[in-house]
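Asker: First the structure, which I've put down as structure tokens, then a few questions once you've had a look.
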Amino acid sequence: IVSPPVCGNELLENGEECDCGSPANCRNPCCDAASCRLHSWVECESGECCDQCRFVTAGTECRATRSECDLAGQCTGQSADCPIDRFHRNGQPCLQNYGYCYNGKCPIMHHQCYYLFGANATVAQDACFEENKNGIGDFYCRKQSDRLIPCAPEDVKCGRLFCEILPNTRCKHAPGDNGMVDPGTKCEDKKVCFNRKCVDVNTVY
């Protein structure tokens, strides 16, 4: 036996749009406590773009930018939800031309070294990256099955990442996938890493 819904018991039951308790105790301004129905003027109950049961004004920021390549979320005025995250186009210069936007981030080697080895780390000298032409150990561009594919001379900065840890550690690297240069990283002027190749930014995006 299924009990009929009881308006005012603070349980959302079949046939009710809301249930905020008795009229004396109800703290939900969107809900008519006497009928357990939403007021006729209600547009929304909750959400980043809902305030006092109404959609907030179009253009109101509902999500802050997370990076120079990320776009702030703005309410549409027609929905309670913040729209899906949007980014600046891939390939747009960022961080004062040290990088290019890639999927909402600005990947640069200096930041990757910082994340791997801490505040004293920066990008190693170009000569270190020549190791990636060897195709042995940790130094390669790609793997095919168990075979290591060495980097072509023009692609060495899209293989293993090399960092310098001040004051005196040169050509430091990290093993595994974490130690590879991130996709979308600037490898030369107007070029980015894509599929472990250093390619023209305007061509790939």
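Placed from the backbone N, Cα and C atoms, the Cβ positions cover glycine too.
It should be emphasised that the depicted structure is a prediction, and the values quoted were computed from it without experimental measurement.
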Asker: From the candidates Cys53, Cys62, Cys106, select the one that Swiss-Prot records as forming a disulfide bond with Cys82.
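Answerer: Among Cys53, Cys62, Cys106, the cysteine that Swiss-Prot links to Cys82 by a disulfide bond is Cys62.
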Asker: How would DSSP class Cys158 (disulfide bond) in three states?
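Answerer: Going by the DSSP assignment, Cys158 (disulfide bond) falls within a helical segment, counted as helix.
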Asker: Tell me, if you would, which residue among Cys94, Cys158, Cys171 (disulfide-bonded residues) has the fewest other CB atoms within 10 Å in the structure shown?
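Answerer: The disulfide-bonded residues Cys94, Cys158, Cys171 were compared, and Cys171 has the fewest Cβ atoms within 10 Å.
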Asker: Need the DSSP three-state call for Cys171 (disulfide bond) to compare against my parser.
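Answerer: The three-state answer is strand.
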